[in-house]
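Chemist: Taken from Swiss-Prot, the feature [4Fe-4S] cluster binding site covers C69, C73, C76, and the record attributes it to sequence analysis. Annotation source Swiss-Prot lists [2Fe-2S] cluster binding site at C113, C144, C204, R277. Per Swiss-Prot, the feature domain 'Radical SAM core' maps to 54-273.
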Amino acid sequence: MNISMGISSLSVINGSALPRHNWAREEAQALYDLPFPDLVFQAQSIHRTSFDPNHVETASLLSIKTGGCAEDCGYCSQSAHYKTDVKATKLMAHDDVVATARRAKESGAGRFCMAAAWRNPKEKDLERICHMVSAVKELGMETCATLGMLTREQADKLRAAGLDFYNHNVDTSPEFYGKIITTRTLQDRIETLAHARESGLKVCCGGIVGLGEQVEDRLGMLVLLANLAEHPESVPINQWNEVKGVPVNATAEAPDPIAFVRMIAVARIMMPKSVVRLSAGRQYMSDEMQALCMLAGANSIFIGDVLLTTKNPQTTKDAALLERLGMTSRFDEVATDKANPVSSRAI
């Protein structure tokens, strides 16, 4: 039996995908190198053991504090180290955040993520964010935050406020990491993930492809994530968006669409119970490419015209694509509620 074929087949026992935490780079590479039909077939087969293959999760992302970040992430328009078009703002007002969350829910989002461009939150700001989290939770939405590094005590406060998920990406492989970030170590990120876990928060953690890394780096990132003590509940995969004024522009190049789909498929096989999210960069993807990603196991998208400081497909376009594919999402629930306003208010 071909070893690469055996790797994924051994991940499914009695119809259930069993997560592993001891992946080797060679195994990830063997999966990636499979003939495309075999790779996508295996990914879809494993996907079906844990998820409804015809359902896509929809989430919304809001920058509640933009720009002026002390970190030097070489891809980020919000870093204070670079001259970009992004202007630094203060933390948004509570009522504005809640109103945005309400509109996101009415548009079809089931989860609302609040992002702040900080190295780490100050206590006075964290208190305000905890109130925002509680208010968004009262709307009946799942809550997520990405605020930079956290202490265990800060994670505990967010969890007590009702936060469900904490996002803190590893961005890339351990080998490539130092080429794009110098002000925050990869270990800093791992420790923040541990603090979130210890507090009872679910973890959202992924990275970016197209920063100038090699395929081995992309697979190295997936191996890093898959070998964590617990797999992230959500794995966002971002495709590089060109940003004016950042140093990564010198080496960045969006991956070939087939290469990106292969990345999604390997992520699905290696982390069979994690939600795999198509994140930034979808505005550059054709409908056909997104459909292939979903066939390969991607089952979540961010909706809304803007993701932090970058563009995103219009919500109406996303709804139309999922309808064409015959896939379900919260868009269907919203449409039903609008068609039956009396009954939906009574629920």
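One is the number of the first residue shown, and numbering goes on along the chain from there.
Yeah, the Cβs are placed from backbone N, Cα and C, and that goes for glycine too.
Are these features on the surface or tucked inside, and what touches them?
Modeler: According to DSSP, C73 ([4Fe-4S] cluster binding site) sits in a coil region rather than a helix or strand. Around the Cβ of C73 ([4Fe-4S] cluster binding site), the number of neighbouring Cβ atoms within 10 Å comes to 24.
Residue density at C204 ([2Fe-2S] cluster binding site): 29 other Cβ atoms are found within 10 A of its Cβ, drawing on all protein chains shown.
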Chemist: Taking the centroid of the Cβ atoms of C113, C144, C204, R277 as the [2Fe-2S] cluster site, which other residues of that chain lie with their Cβ within 8 Å of it, listed in sequence order?
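Modeler: Result: A59, L61, R111, T146, F165, N167, S234, P236.
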Chemist: If you count CB neighbours within 10 Å, which one among the binding-site residues C76, C144, R277 has the smallest count?
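Modeler: Counting other Cβ atoms within 10 Å of each of the binding-site residues C76, C144, R277 gives the minimum at R277.
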Chemist: Around C113 ([2Fe-2S] cluster binding site), how many other C-beta atoms are within 10 angstroms of its C-beta?
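Modeler: The answer is 30.
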Chemist: Round to the nearest Å and give the CA-to-CA distance linking C69 ([4Fe-4S] cluster binding site) with C113 ([2Fe-2S] cluster binding site).
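Modeler: One finds 18 Å between the Cα atoms of these residues.
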Chemist: For [4Fe-4S] cluster, what surrounds C69, C73, C76 with a Cβ no more than 8 Å from their Cβ centroid?
Modeler: E71, D72, Y75, S77, Q78, S79, H81, A117
Chemist: On average, what pLDDT score does this prediction assign to the domain 'Radical SAM core' (54-273)?
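Modeler: Summarising the domain 'Radical SAM core' (54-273) by its mean pLDDT gives 94.
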Chemist: In Å, rounded, how far does the Cα of C76 ([4Fe-4S] cluster binding site) sit from the Cα of R277 ([2Fe-2S] cluster binding site)?
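Modeler: Counting only the Cα atoms, the answer is 20 Å.
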